[in-house]
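S.K.: Can you read through this structure? Questions will come right after.
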Amino acid sequence: MTERTFSILKPDATRRNITGKINAVIEEAGLRIVAQRRVHLTDAQAKKFYEVHAERPFYGELVAQMTAEPVVVQVLEAEGAVAKYREVMGATNPDNAAEGTIRKLFALSIGENSVHGSDSLENAGIEIAQFFKDEDIVG
Ligand code: ADP
Ligand code: MG
């Protein structure tokens with residue numbers, strides 16, 4: 001089934017000017033970038049986006065990192081896009097990420113790990129709606 005997932009190229013990626021390199025890995029994996037926008041997340045946006053992690057010890061650091069520099073928000077489309085993108089991203093901790101994954105190639109640390117990707121189809125829908133109108137997604 002053709003699915004859409006939500007992606008963020010995180011501040012460590014925009015800061016190092018490697019968003020094109022990451023997009024090349026995404027496209028080579030067969031995911032199509034059907035919407036994309038560069039934004040500087042507000043504190044409120046980042047807190048809401050990562051609400052599920054509010055009780056975790058790294059929440060404050062995560063929100064600070066995500067608002068420090070611009071990000072690129074994206075919608076990716078493919079057969080089984082949610083699981084496919086999680087595979088292309090690699091494990092949260094780059095030390096555990098498989099060869100060739102975005103996080104193995106580019107992540108600096110478990111916190112500054114270059115990309116976000118939705119963890120379920122349901123969350124993908126919720127996350128996409130936080131950043132994109134239907135008419136701005138062109139598949
Ligand atoms: P993922 O991004 O792989 O879905 P999580 O949803 O568990 O991972 O965590 C969200 C984000 O929070 C991670 O991508 C990472 O930036 C940050 N994070 C997760 N665990 C830690 C940790 N132990 N220390 C610092 N930051 C973390
Ligand atoms: Mg997650």
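Quick reminder: no glycine exception, Cβ is built from N, Cα and C everywhere.
Worth saying up front: this structure is predicted, and the values here are computed from it rather than measured.
Take a look at what TrEMBL says about it:
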type: ACT_SITE; residues: His116; note: active site, pros-phosphohistidine intermediate
type: BINDING; residues: Lys10, Phe58, Arg86, Thr92, Arg103, Asn113; note: ATP binding site
type: DOMAIN; residues: 2-139; note: domain 'Nucleoside diphosphate kinase-like'
S.K.: Under 8 Å Cβ-Cβ from Lys10 (ATP binding site), six or more apart in the same chain: what's there?
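M.R.: The answer is Gln65, Met66, Val71, Glu112, Asn113, Ser114, Val115, His116.
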S.K.: For the binding-site residues listed here (Thr92, Asn113), tell me which residue's CB has the most neighbouring CB atoms inside 10 Å.
M.R.: Asn113
S.K.: Here are the recorded positions: Arg86, Arg103, His116. Which has the lowest count of other Cβ atoms within 10 Å?
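M.R.: Selected from the recorded positions Arg86, Arg103, His116 on minimum Cβ neighbours within 10 Å: Arg86.
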S.K.: Would you mind splitting the domain 'Nucleoside diphosphate kinase-like' (2-139) into helix, strand and coil residue counts from DSSP?
M.R.: 64 helix, 28 strand, 46 coil
S.K.: Around Phe58 (ATP binding site), how many other C-beta atoms are within 10 angstroms of its C-beta?
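M.R.: Here the count is 12.
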S.K.: Let me know the model's mean pLDDT on the domain 'Nucleoside diphosphate kinase-like' (2-139).
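M.R.: Mean per-residue confidence for the domain 'Nucleoside diphosphate kinase-like' (2-139): 98 out of 100.
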